[in-house]
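Have a look at the structure below, then the notes.
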Amino acid sequence: MSARPDQSRTAAPSATTSPVEIYCDGACSGNPGPGGYGAILRYNGHEKEIRGSEAHTTNNRMELTAAMEALRLLTRPCRITIVTDSQYLVKGMTEWIQGWQRRGWQNSKKEPVLNRDLWEELLKLSAHHDVSWQWIRGHAGHAENERCDSLARQAITEMRGAP
């Protein structure tokens, strides 16, 4: 594994608006268990933070959900860079998904693809945009990634009703 961030693009229509930066992260307390996600969207000097949770989920589902919920907030086609510490998300969208689709949503071991519902939704949401997927190392001092992790954990705490 390289310490250099991976940068990959998914094919999408050309976008005509200013670039959007999305930082996202998912977290789980137990895996599976209660989970949360957090995301930061930046556009034209504006910033929006979002977070959410599910009572019983996995870390990977929260990673995918973070990206999905951020994409849902965009109202027109955009150039987007999505930055995440999830290789599962980046490789899924840039390397694996075409093969899964060709094989009828089976992985290379001929098993059903996990989280297919979320992958299909991510494909649908990203199809309207020009998306670049960037991996960064988690818990390595990247301010936005740390903030997204904090938002995800805060969402879990709020769901549990803790102060």
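Each residue, glycine too, has its Cβ placed from N, Cα and C.
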Practice item. According to Swiss-Prot, D25, E63 bind Mg(2+) 1; identify which of D85, D117 is listed for that same site. Key: D85
Check your understanding: Given the binding-site residues D25, E63, D149, which one is most crowded in terms of C-beta atoms within 10 angstroms?
Key -> D25
Exercise for review: Please work out the number of neighbouring Cβ atoms within 10 Å of the Cβ of D85 (Mg(2+) 1 binding site), leaving out its own Cβ.
Suggested key: 24
Practice item. Quick one: pull the CA-CA distance for E63 (Mg(2+) 1 binding site) versus D25 (Mg(2+) 2 binding site), whole Å only. Key: 5
Study note, to complete from the structure: Expressed in Å to no decimal places, the gap between the Cα atoms of D149 (Mg(2+) 2 binding site) and D85 (Mg(2+) 1 binding site) is 10
Check your understanding: What is the interatomic distance between the Cα atoms of D25 (Mg(2+) 2 binding site) and D85 (Mg(2+) 1 binding site), given in whole Å?
Key -> 7
